[in-house]
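Visitor: Annotations per TrEMBL:
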type: DOMAIN; residues: 69-112; note: domain 'NADH-Ubiquinone oxidoreductase (complex I) chain 5 N-terminal'
type: DOMAIN; residues: 128-411; note: domain 'NADH:quinone oxidoreductase/Mrp antiporter transmembrane'
type: TRANSMEM; residues: 6-23; note: transmembrane segment
type: TRANSMEM; residues: 30-53; note: transmembrane segment
type: TRANSMEM; residues: 79-99; note: transmembrane segment
type: TRANSMEM; residues: 111-129; note: transmembrane segment
type: TRANSMEM; residues: 135-153; note: transmembrane segment
type: TRANSMEM; residues: 207-232; note: transmembrane segment
type: TRANSMEM; residues: 244-265; note: transmembrane segment
type: TRANSMEM; residues: 300-318; note: transmembrane segment
type: TRANSMEM; residues: 324-348; note: transmembrane segment
type: TRANSMEM; residues: 369-391; note: transmembrane segment
type: TRANSMEM; residues: 411-432; note: transmembrane segment
type: TRANSMEM; residues: 571-595; note: transmembrane segment
């Protein structure tokens, strides 16, 4: 189809404008109009799938600002296709879910306009064939996510969560821009094909450490890596459809997408290995530990998301071909089971009026179908056999044990992997037991009941994928995984097996140890520790708020000093500033430019 990529990218933006104009129409018309973008995009993507699976790269290019190297260049390879599939597929399910989730007081047209704007930004980012163009869409994801997280602007927590997410990710975006400009200077081009082919040149450049550091700052802030992880739990003030979309398959995956995208150009040095692996491992364990102690359903899922993002980052840091395959595999698996869990948490909140697990319990009797779906997705998150999470978890264990790293790092990676598996089982059990078993529910304003059938269908679909991938991975996920991994590794794609049984080996032993140890840990914590003791302790949040208050106070003092009502003083400062700016070239020295001839 001519202009396939252009139409694919334009659809969400067109529907964002259309849904914004449908504020007087019925909510169903607005929802169906919004759904047309991801559904139409999936049709277009399906027509391009055979070529992508054959290893072809589909592209188009238009001159935008060629003087600075900015081209409107679109590029669809296996990795971009895989992410576009996630953005559009889960996006379509989120639209259906949101139609039933939003209350009559919520503006459906405004919500879906913001959602389509974000979807278009994500598609533009993954399809960009030019790093400057990618930067434009990267920043657009920050702006649109700010609008979505702060959708309930009448709530203080929503405003604070949106502001925190925007300030951190926008600050990381500035760092990323600096890194991209350095890469462009090294390579002489911002075109992605040229950058990916110039890995040796980039790594040999004296600018490489600075470019890598700036790019990683952008990645770590976007994907909530330590020490920037604290914004993600506060973004849970967003409506649950936003959390299911942004914080499982899209926004937080933007960072790991860029890490995968630039892996051929930036990986392969000790600096990359130690920095990315260490930050990923710290985030993996820190997020998993904090997840156990949350009493909010979405709080558990937020910290577990931080942990899984750390896992993916750690895998890309290890940088072996099998580690890259495992990282791509877990991107897919995590998006599916985490989106279903967020939606299940939203259903529970919608039908009970609370997400506080201290008030819930025994919901399996009152919401049996939702309970089965949520428990299945939780078991996938814990890495239980016959579900998709088990396969990528075993691959993670195998990579940690067999990495090419020095012996000390191999031991530390294996310990981190085992601890993460153990903690993952513990917080998954917390989610399941405290919500669906035990005593309760208590102190609720309404009697819990099942949601409307159509509201549950997106969860049905996602949980079915968890089961299908877990049982028959070769028939379901293998082509997608191969396409995504081969776009990063090329000819270095290793032989790997997605079989359910690899015999008795160390990864299987680690899985068993993690499940047994996680169960025992949860039982011990329930009886001996205050489960809620650390839930509100966030040094990162405290530091962020302190800096923000200091900035506001300094701005007020500066404004008062300059604009004190004295016109003469203000004019003097204005003229003095102009003189200082004009004198800078003279103070730097050097010959003055010649006066142009008449």
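Backbone N, Cα and C atoms are what each Cβ position is placed from, and that goes for glycine too.
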Visitor: With Cβ-Cβ distances below 8 Å as the criterion, list the same-chain residues six or more beyond the ends of the transmembrane segment (6-23) that contact it, or say none.
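Guide: Sequence-remote neighbours of the transmembrane segment (6-23) are 29-30, 33-34, 36-38, 40-41, 44-45, 60, 74, 84, 107, 109-110, 112-114, 116-117, 119-120, 123-124, 127.
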Visitor: Mind checking which residues of the chain, 6+ beyond the ends of the transmembrane segment (207-232), have their Cβ under 8 Å from one of its Cβ atoms?
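Guide: Long-range Cβ neighbours of the transmembrane segment (207-232): 138, 161, 164-165, 168-169, 171-173, 175-180, 182-183, 185-186, 247, 251-256, 258-259, 262, 266, 269, 271-272, 275-276, 279-280, 282-283, 286-287, 302, 305-306, 309-310, 313, 538-541, 544.
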Visitor: By DSSP, how many residues in the domain 'NADH-Ubiquinone oxidoreductase (complex I) chain 5 N-terminal' (69-112) are helix, how many strand, and how many coil?
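Guide: Tallied per class, the domain 'NADH-Ubiquinone oxidoreductase (complex I) chain 5 N-terminal' (69-112) gives 29 helix, 7 strand, 8 coil.
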Visitor: Can you work out which residues elsewhere in the same chain, 6+ from the ends of the transmembrane segment (369-391), have a Cβ less than 8 Å from its Cβ atoms?
Guide: 304, 329, 332-334, 336-338, 340-341, 344-345, 347-348, 351, 363, 421, 424-425, 428-429, 431-432, 435-436, 450-451, 456, 459-460, 462-463, 465-467, 469-471, 473, 477, 498, 500, 511, 514-515, 518
Visitor: Have the transmembrane segment (300-318) and the transmembrane segment (411-432) got at least three CB pairs under 8 Å, pairs 6 or more apart in sequence?
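Guide: When sequence-distant Cβ pairs are counted, the transmembrane segment (411-432) touches the transmembrane segment (300-318), since at least 3 lie under 8 Å.
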Visitor: Give the nonlocal contacts of the transmembrane segment (135-153) in its own chain as ranges (CB under 8 Å, at least six residues past its ends).
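Guide: Answer is 106, 110-111, 114-115, 117-118, 120-122, 124-125, 128, 159, 161-163, 165-166, 169-170, 173, 176-177, 180, 218, 222, 235, 237-239, 242, 246, 250-251, 254, 258.
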Visitor: Across the domain 'NADH-Ubiquinone oxidoreductase (complex I) chain 5 N-terminal' (69-112), what does the pLDDT come to on average, as a whole number?
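Guide: On average, pLDDT over the domain 'NADH-Ubiquinone oxidoreductase (complex I) chain 5 N-terminal' (69-112) sits at 94.
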